[in-house]
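Trainee: Have a look at this one before I ask anything.
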């Protein structure tokens, strides 16, 4: 059936900020869908609150709204735009829940707007646990015994009949939020209460646990003529019980018989047909390893994280197809864009193995709860392609960028047998490495299968890797063995370490023996048809399928997996860089390892290499392609760290030179530069050991800011107030800095500002200055930023422009440079210079309308600002005010302290834009989920040094209609100043516990600040207060500057009531 002509304008709902469970995969699917709809001639309107995405670029949709995805704002846009239809299935859980809200409030019926792709009834049937259960019973598809619970009593009733363990799944939530496995009454109470609180409909499913079954996923598509197909099937390495987003996954399935695959395939197609979904859908199934018994776990009636993985694993662009099906096209009318000759109704076939490994944030949150279960904790993921499981698994391990190139971790060899077994039974993020260690110690795969319920087949593959390690040790220098281990994914680094030579010597040995990697194409059809796509992976075989073109090329290094500190912003910059390279007439080649992103969409670049971002893998691509040069500015710290080793191996780095990158990153060289330019900076020195550090800190004077050099996202950064704290930090953090010294600076309390500049070596363009709302001491990635700045004097701006220009020219910068400043007592200090694209580039590009990454790329390729007729100096600001606000994922990460400081903790960002500061702030808070009622109770527990400032804020809260609740110390001070306060006892007191007040919903906002030199009990209590607020979804502020900003919003909305 041809596409529909009765609709013209379509609204696409984006997925909002990146949080755990909903990351860059929705930027990828949303971008694909918008472009596909435009390709078919429809007018596309997009709403998304996340400025760091490609999909919010003006070129992706016809009209782009960066506004909060809330009922009020979306309704306002619907009334203004009057679209014919809405496509909600590409914006993750956010998009689906929004579609339901819009339907339920009646606006869609009123404006006669149709829902495309998946009907409301299907969304309801898949997401509402009770309707889903009824549908499965009608279809005669088995699901685990379960009951819907709206209260703890309901859940206890089910357990009485069915016993423990049970799995609890809240309805309409994302990434398993609020769910878990309960093995006893205590756990049941905690998880059920939490789950009901976090479910938007106050409903959880309690089901008999099938933990230990094999977890299988089918990614299926269907069109309106009822054609349906399986795009990809995937098998979780970890059994049921660990969220699929936290599982290692292989595609295609590895351990099932043909009969089992067929059985699960039939069930998946039966379900998508019964739900009448038009587009993509993900079905999760559990298979009993000892029989052919299976259960349906759940169905996602939308494009998901798994569909991004399936798209990249097969080359079949699911989101693009889903968008075309949504407007009436059928699978037998749409061409498969990879082959260009076959239609989309052919099921992809794979002649390789894909491995996905999640990337967790525990390198930043070393106190976080690392236990894996039904609630997702990973921030991102990597994917690798190989000809066998060993190869794809080891390639994926080295893509993670966690400091290891093999199945080994520091300190594993010294773990006791007892601890080893415990870590294998109770899975954490690093279980894979413990399994390998157990096999090295002689444990049998049968024993490990018994303990973990992981299939023997997978354990045997790890065992094979361990056997090859053993052989490597005993047969040093054996060329035949070298070829075997390379075919099994071993890195040159691992071989070098075992043979006690350097990786470059291993490389030379390989080259002399003709053991060279070849590149194979991802073509959706196992080489059955001719393919058009330039999408490749390496392996050690005979025939190379990647043909080098005669056109000069540029290689761009991507930013790898999404993690805290290095998010989708860097992918945004990478994609823009590629677009500029293509416009300049070069062939653009991307190398990256992240399946969720736009940059790894094969249609973006001229060639895509899906490979780990390590020196060995990049050199392999460089040797084949012989590009004009490599660009490292846009891939975050991942790419910058490769610059020097690449240059040492004769690779040309484009843009700012490696020597100048080093001058910005190396502390001593940077200090020299700052002194030469006569630019003020906080007093600071470097130390390589604890005694040095103590001496320096005493000289400079406490408090000091201490951090390792060469880091991103403030990794292991702290403000230290006492020598004891410093000693403790040196024991913890110097381990972090491997051979790099730590930097110790005088900590300045002041206003923080930030600049992204673009330079061609002669002239400098400063698109804008951003002012942070939070004072120095909160990481810039966790601060709210305002553009244009609201509180800078002309003199301060002039100093910022002067220092920026001097630094750009002194570093002979070609491309982008990010500088952070502190202003204290009217003096402007430089605190940090990053010679690369920073995480503020997308935000600043959107608000200034300067395509910064593209412009920077043109300069990297040799153009000048003058030739491009670009303005220079500080650009004049427009009439609107823009606020960028961070978004956190603390509700997914138990035991991670939500107190903001110099270590970055946010996972995503939103933006609010309006004509006044108050309105822009209001939008930013709304978009980030921080919605405050106009009145209520605010709990204030603040540290002594904050009490004076808190007093003024408390008075303002009273004025707008809030009642103040405080602990005894704060109450005393407030009462003395004449502010009415309700006192609550501290946590350890016996009566009227303040935690009960939070749990019972009596408190609408918690403000909690702690000093670093608090008494241990006070600090502990503060953590419990913050954790309780997060668990119960109560807005929490840990900075008085943010509190001041929220008050500004509340004041602007409250009407004056004053007696005559």
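Our numbering is plain: 1 for the first residue shown, then up by one each step along the chain.
From the backbone N, Cα and C atoms, a Cβ is placed for every residue, glycine too.
According to Swiss-Prot, the protein carries these features:
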| type | residues | note |
| --- | --- | --- |
| REGION | 1-401 | region 'Carboxyphosphate synthetic domain' |
| BINDING | 129, 169, 175, 176, 208, 210, 215, 241, 242, 243, 284, 298 | ATP 1 binding site |
| BINDING | 284, 298 | Mg(2+) 1 binding site |
| BINDING | 298, 300 | Mn(2+) 2 binding site |
| REGION | 402-546 | region 'Oligomerization domain' |
| REGION | 547-929 | region 'Carbamoyl phosphate synthetic domain' |
| DOMAIN | 671-861 | domain 'ATP-grasp 2' |
| BINDING | 707, 746, 748, 752, 777, 778, 779, 780, 820, 832 | ATP 2 binding site |
| BINDING | 820, 832 | Mg(2+) 3 binding site |
| BINDING | 832, 834 | Mn(2+) 4 binding site |
| BINDING | 832, 834 | Mg(2+) 4 binding site |
| REGION | 930-1060 | region 'Allosteric domain' |
Trainee: Of 298, 707, 748, 832, which binding-site residues come within 10 Å of residue 129 (ATP 1 binding site), going by C-alpha to C-alpha distance?
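Mentor: Those close enough are 298.
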Trainee: Return one of helix, strand or coil for residue 242 (ATP 1 binding site), based on DSSP.
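Mentor: The three-state answer is coil.
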Trainee: Rounded to whole angstrom, what's the largest C-alpha distance between any two of 707, 746, 748, 752, 777, 778, 779, 780, 820, 832, listed as binding ATP 2?
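Mentor: Between the most distant Cα atoms of the ATP 2 site, 18 Å.
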Trainee: Tell me the Cα distance separating residue 298 (Mg(2+) 1 binding site) from residue 777 (ATP 2 binding site), rounded to the nearest angstrom.
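Mentor: Just about 44 Å between their Cα atoms.
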Trainee: May I have the DSSP-based helix, strand and coil counts for the residues of the region 'Oligomerization domain' (402-546)?
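Mentor: For the region 'Oligomerization domain' (402-546), the helix, strand and coil counts are 76 helix, 11 strand, 58 coil.
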Trainee: Applying a 10 Å Cβ distance cut-off over all chains shown, what neighbour count does residue 215 (ATP 1 binding site) have?
Mentor: 24
Trainee: Rounded to the nearest angstrom, how far is the Cα of residue 834 (Mn(2+) 4 binding site) from the Cα of residue 242 (ATP 1 binding site)?
Mentor: 38
Trainee: Among all chains shown, work out which of the binding-site residues 242, 748 has the most CB atoms within 10 A of its CB.
Mentor: 242
Trainee: So if I draw a 10 Å sphere around the Cβ of residue 707 (ATP 2 binding site), how many other Cβ atoms end up inside it?
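Mentor: The answer is 22.
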Trainee: Far apart in sequence but close in space: which same-chain residues, 6 or more away, have a Cβ under 8 Å from residue 300 (Mn(2+) 2 binding site)?
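Mentor: Spatial neighbours, sequence-distant, of residue 300 (Mn(2+) 2 binding site): 126, 281, 282, 284, 306.
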Trainee: Taking DSSP three-state, what's residue 129 (ATP 1 binding site) in: helix, strand or coil?
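Mentor: DSSP assigns residue 129 (ATP 1 binding site) to helix.
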Trainee: What mean pLDDT score does the region 'Allosteric domain' (930-1060) have in the model?
Mentor: 87
Trainee: Do me a favour and check the Cα-Cα span between residue 748 (ATP 2 binding site) and residue 832 (Mg(2+) 3 binding site); whole Å is fine.
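Mentor: Rounded to the nearest whole number, the Cα-Cα distance is 13 Å.
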Trainee: Report, in whole Å, the straight Cα-to-Cα distance of residue 298 (Mg(2+) 1 binding site) from residue 208 (ATP 1 binding site).
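Mentor: About 14 Å separates the two Cα atoms.
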Trainee: For a quick check of packing: other C-beta atoms within 10 Å of the C-beta of residue 777 (ATP 2 binding site), how many?
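Mentor: Excluding its own Cβ, the number within 10 Å is 19.
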Trainee: If I restrict to non-local contacts, at least six residues apart, and a C-beta distance under 8 angstroms, what lies near residue 820 (ATP 2 binding site) in its own chain?
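Mentor: In sequence order, the residues whose Cβ lies under 8 Å from that of residue 820 (ATP 2 binding site) (at least 6 apart) are 752, 753, 754, 780, 830, 831, 832, 833.
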Trainee: Reported as an integer number of Å, what is the Cα distance between residue 298 (Mg(2+) 1 binding site) and residue 779 (ATP 2 binding site)?
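Mentor: Spelling it out, the Cα of residue 298 (Mg(2+) 1 binding site) and the Cα of residue 779 (ATP 2 binding site) are 39 Å apart.
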